[in-house]
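Engineer: First the structure, then my questions, so here it is.
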């Protein structure tokens, strides 16, 4: 038992904390000593060795282990240091690589930075901006000297920190002791939301606020904070209301599911159900606020039609499968991609299934606890929502799973806590903490889902796009394989760009993109034949020549690019090394 004595005295904690800090410092040195990119590179993470991500994972796990095994909890705040360093490195890798921005093409980041730039330039929110919270926050950071390009990394980190904080508050309410609380917090640490941690998308960032409702509901039900429950719930509900419409509805479902689980608990425990008027008040406020705020925006109606229409036609999963088949991916490559993107979620789904089995057995024996039933009901609610959003409304898996991810996090935490409690009674006090460390290690190493290849904007492309925006103003439309009108929203501000008569870039999509292979599909084809009959600009980037495009290796080949240079209908008017601007005039060939 000498080892446990050492733990109680803090010797092992000090040793592990020192090791954790050493790994954090080594990670920082590795990132800072790696020269920034000098040209186009396909991946943000390719310049760094896997040892970096291993060090980040182990450093975070060691910090969590120290906190979970500390008897006096003297070290609980110190494990936040390596954890903060780890997340800061992961979230800011594009800055260290020297990119202009992480997010390009028709990325959500460009649109949301454009809305924020509108606020910075004009001092007003766009009239049709129905979820202004993220844009106002970015604009405020700009006023405090943090540029939008840097704020786009800090804001996701801030909201994920809020997510961890709210889960921590909930854990303090449902955990039987401090170690169980740490186990629950630890299960929320992995980056389960994948690339949406950095997408700046309000649908996911807004959902990071959702755990606070679990905390408030649990505090109210346990007889604590009853006087402040309604006020705080209405404040956070208003915050979410102006953040994202889908999240607003998900919060309503969360409140409803919590009410259902409360009644289910009384049925299992054979107690008399009661009426909860305060919870009903918050639930009605969310629904009334949603209908009052969002129904006044005409553009939202158009977006809802675009959102619902796929449910009546084909499913996105089938389209993705066809695209994977067109790219010639082997089964092993598909498995690797799946593990990178969704491997950590799959692990949590498996453990959540075990949790459901355990709760089902407990319900049959009428020994199920209130917190287990809460998590189980949230799991079923999240599963139903995920099926509807992903398989019928073709929402991307992570966005569709966000409710389910939160529920699985709670379920896995409670499952490990259950195991911890059993082992503690048998004398093995820290098996639960070791279990959560293993889960953390597996999920942290799945960092491949955080960044996607060919999704960063280089300074050369940004400069070329800015030149094109100014050149095309009032003249011709601009076609591009991989750059959409979102770049104009980002550069000028959404309102300024959309008010222009001639759009610097087209909207994107098969109907508005340049012809395949620059119009040289056959020997007799020419770009002037494939383009419209009127003159227009053609914007080409290094991204076109390096990234996969519609199932092909790239948008056009070097030989096709050489034919463009010899074509009388095409005239190069700008070049900066990575980008080119061509004026294509079919009349020049006649």
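Using the three backbone atoms N, Cα and C, a Cβ is placed for every residue, glycine included.
Sequence annotations record features per position, and here TrEMBL assigns region 'Disordered' to 501-526. Taken from TrEMBL, the feature transmembrane segment covers 12-32, 52-68, 75-96, 153-171, 183-216, 236-258, 279-297, 341-363, 375-394, 400-416, 428-451.
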Engineer: Should the transmembrane segment (279-297) and the transmembrane segment (236-258) be scored as in contact, given a threshold of at least 3 Cβ pairs under 8 Å and pairs 6 or more apart?
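Structural biologist: The transmembrane segment (236-258) and the transmembrane segment (279-297): touching, yes.
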Engineer: Any chance the transmembrane segment (375-394) and the transmembrane segment (153-171) are in contact, meaning at least three CB pairs closer than 8 A with a sequence separation of 6+?
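Structural biologist: By the criterion, they do not touch.
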Engineer: With the transmembrane segment (236-258) as the reference, which stretch in 153-171, 341-363, 400-416 has the largest tally of C-beta pairs below 8 Å?
Structural biologist: 400-416
Engineer: Other than its close neighbours in sequence, what residues sit by the transmembrane segment (400-416), given a CB gap under 8 Å and a spacing of at least six beyond its ends?
Structural biologist: 167, 170-171, 174, 183-188, 192-193, 196, 203-204, 207, 210-211, 214, 250, 253-254, 345, 348-349, 351-352, 354-356, 358, 371-372, 374-376, 378-379, 381-383, 385-386, 388-390, 393, 432, 435-436, 439
